[in-house]
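Trainee: Quick one: this structure, given as structure tokens, is what I'll be asking you about.
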Amino acid sequence: MGRNVLLSSLQNASFSIVFQIVCRCITFAINAFIVRNVGREVLGITNVRLLLLESTLLFLSKEAIIRSALSSRHNKQCSWAQLINQLWITVPVCITLSIPCLYIWLNWLSPVDTIYAEQYRFGCLAIAFSCIIELTAEAPIFVGQVFCFVKLKVILDTGHIFIRSFIFIVIVLLNKDITIYAFGIAQITSACTIIVGNYAFYYLYIPKLLRYRTELKKVDDKYVLRDRYGQQFENMDDFPFVSIKQMLPGVLPNPNSIFNSDLQTLVLSFAKQGILKQVLTEGEKYVMSVSPVLTFSEQATYDVVNNMGSLAARFIFRPIEDSSYFYFTQSIARDTTLAEQKRETVQEASDVLAYVLKTVTSIGLLAFVFAQSYSGTVLLLYGGADFVEGGLPEQLLRWHSLAIVLLAPNGITEGYMFATNTSKQIDTYNYYMAFFSVTFLLLSYQLTNWFGPVGFILANCCNMSFRISYSVFYIGKHFRTVGMSPIRKALPGPMYLSVLGVCGVVCKLSESYFSGRSILCHLLVGALCTGLSVGTWSFENRQLLRTGLARYRTRKQSLTPDEEPLTS
């Protein structure tokens, strides 16, 4: 197998960032349309209540299984047949979870207005059904991730987002009174496109791969076949499927047990952790839904501001976190000490961790500084004067920028910890996660009563501070055995911090002077200060950029045909 995991991870992160930008732009446009034409209450029902149901079902059904399956690639005792069987467990798990979740969403949570009651019921059922059918595509999705079909993932994800958005917009334009019906129908349709797209690819790909293998035996030179078949069939000697039916449970030949015991143990450990992580991730929405702290209109305002404040997380941090986790799972063995692994691989992992942490932390600080001067301007352009009236949206966005500073390193440090923890260590961390979850919920409820919606953000900041502290302690202890300390290399430099501070003051003065006079001039000042800050960071980290660029070019130039990464 000649696929380059690091290069594939970088490509995956790059494509994912582009995809997230496109996806979020579409979502923002739809949200703006709903706020201005349909009403905030509908937006609160769809974006808070219904999407919370989708997040709960999908996360609890597949997160633990997918993470453990990725880690099992180091376990030679775990066969592909066992992995496929394990992946298909997500479907009955989702069906089982849908029953209590639907009952809670329809009967226990704060009720919606009578005018939306029937649409809300349909929306809940549509979300549950779309989650169940979407999980039937987890096997081909997982295969594509393991064998580095990066472009396939991006094309299919982008396609289903456009189809979902198109169907939703068309139905709403025809009748604004059935917006929640349109939301449910669009969700089901997008789930179907995921299934059709993934299985159709392998339905066409596998026969061509078999023909490629047959002809390769005759010519014994893949250069001859490259022009005819392309590079996507090279380095696939370990591809285990000869039919699309083998991606179904129980079809792939399996001389071993149905499930792998080590994999099952890891799944249970991640499952305990997954429940706690879901509470931490969506805790404020659970509090909103269970207790009448905020109306649906206020929930919609909070959600819009929260999504806007999470742009960096969705566009940059999450794709980098996912790709980093994949890289660490494939590079560092989970059940072996670092001292027993290849020194070169460990050093590379240490460098990647340090460089990624420095980059995302610098981005988080950049967002925090400029949010203090541009929150009101951005929200005014997005939702109009009525939306920003009262000052609450601007206040929320400014406070949310503080959460971004903590969110940046939290995802990376936890990603490394989860990628390298043993089952026992994961179980130990679950106890801490339980403490963090309970503390977070209590803080959310109490701080919201004291400070209103800002309390959710403050509680989230406290929660992430606890988690970062634990992860950093683990990383320091983990690398101490080999004499490395990636955390020390992860802090932004003094030059960048100084320039960033000066730019923050300049932008604040610009806000005071140009407020009510010229938004364009204020934005121009911000653009210049942003360029200066980014330029300073690039200059201060020029050696890092040169090293990264040189390493990338070296890998591209030195890859033989047997080593070229599969990106189709």
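Glycine is treated like the rest: Cβ placed from N, Cα and C.
TrEMBL entries are annotated by machine, without manual review.
According to TrEMBL:
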- 12-35: transmembrane segment (TRANSMEM)
- 87-108: transmembrane segment (TRANSMEM)
- 120-142: transmembrane segment (TRANSMEM)
- 180-205: transmembrane segment (TRANSMEM)
- 352-371: transmembrane segment (TRANSMEM)
- 399-419: transmembrane segment (TRANSMEM)
- 431-448: transmembrane segment (TRANSMEM)
- 454-475: transmembrane segment (TRANSMEM)
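Relative to the rest of the structure, where do these features sit?
Mentor: Remote same-chain partners of the transmembrane segment (120-142), defined as residues 6 or more beyond its termini with a Cβ less than 8 Å from a stretch Cβ, comprise 45-46, 49-50, 53-54, 57-58, 61-62, 65-66, 69, 83-84, 87-88, 90-91, 94-95, 98, 101-102, 105-106, 112, 153, 180-181, 183-185, 187-188, 190-192, 194-195, 198-199, 201-202, 247-248.
Sequence-remote contacts of a segment are chain residues at least 6 beyond its ends whose Cβ falls under 8 Å from one of its Cβ atoms, and for the transmembrane segment (399-419) they are 67, 71, 273, 305-306, 309-310, 312-313, 317-318, 320-322, 324-325, 328-329, 332, 334, 353, 356-357, 360-361, 363-365, 367-368, 371-372, 375, 426, 429, 454, 457-458, 460-461, 464-465, 467-468, 471-472, 474-475, 490.
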Trainee: Quick test of the contact rule: Cβ under 8 Å, at least six residues beyond the ends. What residues does that give for the transmembrane segment (431-448)?
Mentor: 273, 276-277, 279-280, 283-284, 286-287, 291, 293, 454-456, 458-460, 462-463, 466-467, 470
